[in-house]
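Have a look at the structure below, then the notes.
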């Protein structure tokens, strides 16, 4: 909110500056002699004062040379300048002296041009003055926001002149309209195009009558009458007859309507629309709207809330114009039209190849939701930013922010404690020797075909998909191959333990030198022991070979007291999907993927001993019975 607006009244001597101020304060023309420079006055808000103005300070100035330093100081302190002229000479001085002088001071404030003493120019009509005097100046000097004819003697348009000054600050024309080109500026057009897109709820390219009425309520908080609706359509049809159809008003007509508002001095209407959609004076979205406060505690994570998932589901369904169950390039481009484009992290992650696609290569609904689940997990601020760009509206009155689309999971500090973690999105890092099959594992995760060509992974690669757990519950599993960043990621202990839910160790069971990479890696980064782990022997369709390592894989995992030996699997087998379930379960129930404690091992040996004892006893009893039966038969 603007706590105090300063209006600096400038102009040649004798143009009636002080009389205008006095007439504003008194409400009538003062015939008595007025002092050369009035002291500054502060006026409270009145009816018609913009809502975000609390008080207005009006400063009188003198044009005499000895007051030039005071004049410059007041101009620099002002929010708007009311430049007054009253005859041909003072009018000529507007372009020759005053406006160049303002520019020389380096000020960037709007100027309201005021033709005072209109009672003395009865032979000039309003239209003549505007066309002959004001419009040429406005086309030459962009800083002129608006113009008005006044008469302090007749108290004509005095209040309106100062009201225009207030409006020039709260609803400036300069960011919206180029008077010289007689066109809306590109930034204004872009903002209005986004507003049209968000108001077109069914994405058919037209604002229907209902959508226009909903738009009216959102922006102006009052209903639109049928007569006003008809008038709007007729106004557009006069210059753009093709923009009004039975389906509604198209974007071209909507932009033209706002251009007309700006041309006719009704740019306040345009600003009301822009601010209803969270735009600032610089035509950027408000920072607090794009980046609301949202904290994720250590060992917790961010996920989409049910309302967030609903929003992205509806957005997908609206954007899938051909109803083929996938978003093609054109549909994605249309969907992201009100945004700066794809999130940078998506481009870096080779979207859409990192998520689920159909046979045509188009992102499916499953892949779309998985991608946003991953984005929210890794960068909740990105999701919040794009929720704002895409027009998310919270249904929660207690939380109207975009943060209503997200939720924070409970921190998981003690992963070795039995039980599930309270999250639906988990992250697993895949590590292993070069050529062990990590990339093929990611391809299989996304149901991609197996390729026999080996391409070493340089840049990190990520894949995300849903996994159905035993019992029918689903979770989103993010898996990434670290590439050249593996050392940097693994040595950052704090970040690794905070973000990673499971570490997946892979080796090529047909390569004798593959497994040795894993013990060496764990020795180099001992904090990996604090993460749940899954060991996978890939390429099981090939001949298994003895590993050149201190311990064979099954011996190594046994020495660690892991719950079981490495999983043997091939990405060419249909059973590969069970591996992803196993990985997801290890992340969701981390206690099952840690080395067993001595108590667990002793308990297992005891249960084996009891079972073995029972078998021995049963066998001995059977022998005794057989002997007795045999003896009785002799």
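Placed from the backbone N, Cα and C atoms, the Cβ positions cover glycine too.
What Swiss-Prot lists as domain 'Miro 1' is 2-171.
Classification of residue 118 (GTP 1 binding site) by DSSP places it within a helix. Taken from Swiss-Prot, the feature GTP 1 binding site applies to 11-18, 60-64, 116-119.
Annotation source Swiss-Prot lists compositional bias 'Basic residues' at 409-419.
Taken from Swiss-Prot, the feature transmembrane segment covers 605-625, and the record attributes it to sequence analysis.
Here the domain 'Miro 1' (2-171) has a mean pLDDT of 87 out of 100.
For residue 61 (GTP 1 binding site), the count of additional Cβ atoms within 10 Å of its Cβ stands at 23 [all protein chains shown]. DSSP classifies residue 17 (GTP 1 binding site) as helix under the three-state reduction. For residue 14 (GTP 1 binding site), other Cβ atoms within 10 Å of its Cβ number 12.
Within 10 Å of the C-beta atom of residue 118 (GTP 1 binding site) sit 21 other C-beta atoms, taking all shown protein chains into account. DSSP assigns residue 11 (GTP 1 binding site) to a strand.
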